[in-house]
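Below is one structure, written out as structure tokens, with a few remarks after it.
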Amino acid sequence: MQLHPLTLDHMTYFSPGLDLSTLLPTLHQSCPEPLASRPPSAIILTLGHTHTTQTMVLLFFMILELSHGVRLVGGPNRCEGRVELWKNGQWGTLCDDYWTNKIMAIVCRELECGPAVAGPDVPLPAGKIYSPKPQKDQPIWNLKCQGTEETLVECEEDMSIECSDHDEDAGAICEEILNFDDFHLVGGPSPCTGRVEVKYAGKWDTVCNAGWTFQDAKVLCRELGCGRPFLTTGSCSKDQQGTGDIWPGQVECQGSEASLSNCPVVRMETNNCSHKDDTWVHCEERFALRLVDGKHNCSGRLEVLHKGIWGSVCNDGWGEKEDQVVCQEMNCGKAVFQKPRDRVRFGHGKGHIWLDDVRCKGKETSLEQCKHRFWGYHDCTHREDVSVICSVLQSSTELFPPENHVRKITGPFFGTYSWPNPRNVSCQARGFRLSHGF
């Protein structure tokens with residue numbers, strides 16, 4: 001039986017005719033840290049969990065050799081510690097006889113950390129300062145590298161010199177990359193309110209409010225598809241506090257970024273935060289609009305959704321630019337000009353008046369991007385409710401028949417939503433763009 005070699009992140013697998021490259025996407029999704037730092041048993045177990053029993057059995061019998069991996073042990077983070085190398089089926093330390101800044105840089109690249117912390121005034125770190133200490137019988141590899149290798153496995157081993165004492169173990173300090181993989185709000189009453197957490201190094205960390213600004217919250221709310229932030233507390237109450245690690249970084253957003261991942265990340269100069277300092281953010285709920293009581297879905301009295309309740313919009317300052325933004329957001333045609341006295345033709349609303357003094361430039365893709373007062377602040381009555389008439393596009397009449405009063409829902413909604421009209425509308429997930437005018 002012929003064995004076919006395949007290298008995944010510097011670890012070589014041999015399989016009889018099986019193309020393991022098809023497993024790469026799942027393998028990378030299931031590993032929360034670089035593969036080079038994970039023991040082979042963990043990788044085999046991960047593969048077994050993510051595939052069928054048949055595939056799991058095949059992998060256990062087909063993977064005959066795992067050539068190497070590297071990790072840093074005992075440091076404050078995964079990018080600092082005593083250097084250990086997986087070789088000949090076991091983890092061993094590295095002798096510092098040939099240890100240089102160039103070789104330390106190889107380890108940093110292999111672990112996907114930042115550059116090695118090195119320089120003429122920075123002494124090479126010793127592995128013996130990191131705990132827990134290695135076992136006495138743990139092997140010590142003496143590698144002689146040129147400094148141009150991509151991985152430690154490419155370095156030559158010097159068999160003529162034997163390091164018999166773990167006091168000669170090498171250590172490495174690399175800059176820790178603080179960029180996070182994901183974020184969410186947890187512990188709140190809705191997806192737009194809660195404690196801020198970021199996914200960092202495969203786990204969810206809380207975010208300290210030191211350095212957290214309204215501009216940071218603005219970007220976060222926008223990326224979640226929520227409205228603008230109107231509450232960012234200095235600390236969480238006791239029942240809102242998180243557990244576990246606190247992210248050692250902080251974002252520095254300008255407020256115009258489309259994503260928190262686009263904001264610069266810096267390390268906190270002094271990290272004396274506790275979970276009493278966990279950041280809590282309250283964003284306005286996701287935005288939606290509809291036209292009601294018209295002959296078709298592209299005409300009627302304008303209503304917007306806030307806190308799960310539909311309410312009307314006051315016509316103070318309302319004009320053609322605002323009409324056109326609504327028509328565009330509704331996927332209808334161009335706005336039809338109406339005289340002020342004609343805007344009451346669709347009757348008066350009831351309940352909340354959510355928006356007043358709306359001002360659009362005409363280029364916005366959503367009414368929520370236009371300037372307006374805070375939700376619920378107005379000096380109007382329902383006699384001033386806005387109505388909009390758009391020319392009808394064929395696609396919009398096919399999507400919403402005239403008798404259906406639910407017109408359009410924007411934002412990342414999933415599932416079926418039932419509104420005052422007894423008919424239901426199945427909503428597809430779609431992108432959401434916000435750029436608040438304040």
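The backbone N, Cα and C atoms fix where each Cβ goes, glycine too.
When you check TrEMBL, the disulphide partner of Cys263 from the set Cys253, Cys283 turns out to be Cys253. In the disulfide annotation of TrEMBL, Cys360 is paired with Cys370 out of the candidates Cys370, Cys380. Checking Cys145, Cys163 against TrEMBL, the residue bonded to Cys155 by a disulphide is Cys145. Cys145 (disulfide bond) sits 63 Å from Cys360 (disulfide bond), taking the Cα positions as reference. Cys253 (disulfide bond) sits 25 Å from Cys360 (disulfide bond), taking the CA atoms of both as reference points. The helix, strand and coil residue counts that DSSP assigns across the domain 'SRCR' (70-175) are 19 helix, 35 strand, 52 coil.
Taking the C-alpha atom of Cys263 (disulfide bond) as reference, the shortest distance to any of the disulfide-bonded residues Cys155, Cys360, Cys370 belongs to Cys370. The CA atom of Cys155 (disulfide bond) is located 61 Å away from the CA atom of Cys370 (disulfide bond). Every protein chain shown contributes to the tally, and the Cβ of Cys370 (disulfide bond) ends up with 20 other Cβ atoms within 10 Å.
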